[in-house]
């Protein structure tokens, strides 16, 4: 604590609670160094572990690090203590798109088109990275201060590698009113096509102000979804009706794809330009496919310049595993067949490189210098499983604090472990401060001077919460109708999907 304020890890001043869920609370916070407003999601580690959601947390971290896009909520960094996991997220000042619709009512087609463009661009980018959201809905679409859309909540997302041999996903998840028919069937489904369906439901909601599929009886609602039984309001333009019927096609094999959506007449109409932040700037960022952030865990490639070596930086999540007390490697990573060794050092990078080269010379290992502080060390003789090779990569935690990772890239694991134990560890003892996993070390001292954990912010009375702040996480509850159903006199008979297919 400093001056009566709640300070987390010596880096963030924590303010009012924004929302609360079963396993986490979300707080507004400010970066003490940059002054940047952020949202911090505090996850109760014990609760998550008890209900077996470790893999879901791990997946959410992996996916949010993988996806860097202007219309995807940015994960700046992840921190942890013994009892909590902290997601430091981009603060979406505009709140949920759901709340905007509930407060202001249905949008004009021009306004809806702008949000739909951003949604489709974000989803298309996620799919290009092998990520399928699987829970797209207005509650998971946030708005920044310029009312640009941000896709959030990747807790139910799937990676392409999650597919079975048939190339399909098999886990039923998502919110019932937005879920595609093939997902409800509990058979294999294409994650990309299921996301497209959800985008269609969202588009309908934006312009109509209510859900296309809703019934007090959940089974009846499922039947409506599986039959694509819905009606468009009379005020929908012909082009919008045509597009929605092609998206909300119960047959995934004939459902319109994202490239075809982008070529549709309605989609290609001019988009409203936000006066605060022009669409052109967003488009330029989208075309690059990358949003650069200070907390990104991805390392940029650098080359030596005038004799100096540029090293990749590590954020707080990357150095959590430096001590036993903060070690989450078993929680976030598959430790079976562990093939990495890590140590920290306060020696300069030139000393570390010199020591590694000296070690290689003594062991008669071939040395190949790579970019970004990486040395490839290779055994001169072939072993049980080919030539043993390992990479030594150096990361900069702070200018005076380095992390060195030794990782086997080829050869027999037992030979690698023997080499580390009998040769590498003894040879590097003069420069090593601590090897990861050494139990005799004081876990808290490793991060001394880098991070100081302060008490968590106290519980805030509900009457102190600002109603204008977005609720970024809510209790799980049965899906209610988004808004009251439109009067029947405003509804016209739907056009059969078969008549709208190309």
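Each position is counted from 1, following the chain as shown.
Each Cβ is built from the backbone N, Cα and C atoms, and glycine gets one as well.
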Region 'Activation loop' according to Swiss-Prot, located in which of 153-182, 183-212, 213-242, 243-272: 153-182
Annotated range (Swiss-Prot: region 'PPI') out of 281-309, 310-338, 339-367: 339-367
Stated Swiss-Prot location of region 'Disordered', expressed as one of 391-446, 447-502: 447-502
Fewest-neighbour residue among recorded positions, criterion Cβ within 10 Å, set 22, 26, 135: 22
For the domain 'NAF' (297-333), mean pLDDT (0 to 100): 42
Residue 18 (ATP binding site) and residue 135 (active site, proton acceptor), Cα-Cα, nearest whole angstrom: 21
Residue 135 (active site, proton acceptor) - helix vs strand vs coil (DSSP): coil
